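Below is one structure, written out as structure tokens; the observations come after it.
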Amino acid sequence: MDGDNQSENSQFLLLGISESPEQQQILFWMFLSMYLVTVLGNVLIILAISSDSHLHTPMYFFLANLSFTDLFFVTNTIPKMLVNFQSQNKAISYAGCLTQLYFLVSLVTLDNLILAVMAYDRYVAICCPLHYVTAMSPGLCVLLLSLCWGLSVLYGLLLTLLLTRVTFCGPREIHYLFCDMYILLRLACSNTHIIHTVLVATGCFIFLTPLGFMTTSYVCIVRTILQIPSASKKYKAFSTCASHLGVVSLFYGTLAMVYLQPLHTYSMKDSVATVMYAVVTPMMNPFIYSLRNKDMHGALGRVLRRLFQRPK
């Protein structure tokens, strides 16, 4: 089957992680609840930061963008899952699958790059506090975010275009929650060696480079904090980094569970890792960042009071 016929006629069946009607009902309500919590948490973070002038700083600017990315990410995948749980027709078109894959790759990459920029922000704030205002100027923050978006869009486009060169034949049944690059390559009947090599090489660069940068930044941060004589100032400095470290650990940990395995052993039933990476991480990020943050507590409290305040 050539590429033109494939794009016009083929479709995939997103069978999910269970074909039992009873389990699908349980999964529907579970994912719906998690989706609503994720949307509410990230929207509140964005509203709190945008409405409080005290939070108009580089750290919270990038946090608001991280929340927006997580919001977009779950909206790209979960609504289709919910429809499939309730429908007998679980088909997704070839174009729809590629579109979902494009946004999936782009948004995961964007999350990764924003986390790296946030690590740089913490490095400058703790290791070079006297230069923080100039080093993290509004113009530079916008430039860094624009670079993150640009690289993410290009990387998503690259992988999606590579997948259009793949020929699919036989049953196009995806025992998975959404269209994923590794899953689709498992369904290919053409030679995917070159595409897999490009995928691994570019993935290592896109994800391991920021991880290495974050690791180096935190080594410098820890060394600087250990030199602070005051115990209270040490605690304050550590607490400003703890939330970011928690999110980074959750992000890379779940990503590694899903993707750090050879293509031929990639499991279509690896449901726990998939749910962690696709749903739990975006849901937990707002809680991790607001858990011990007094400024965020205050801003969220003011937003909630305005939302529920009765008009006089």
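Cβ coordinates are placed from backbone N, Cα and C, and glycine is handled just like the others.
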Swiss-Prot annotation: Ser53 and Ser93 on one membrane face: no
Cys97, Cys189 as disulfide-bonded residues, winner by CB count within 10 A: Cys97
Remote residues contacting the transmembrane segment (26-49) - C-beta distance under 8 A, at least 6 residues beyond either end: 16-18, 55-56, 60-61, 63-64, 67-68, 70-71, 74-75, 78-79, 81-82, 85-86, 279-280, 282-283, 285-287, 289-290, 296, 299-300, 302-304
Segment proximity, the transmembrane segment (141-158) to the transmembrane segment (272-291), 3 or more C-beta pairs under 8 Å: no
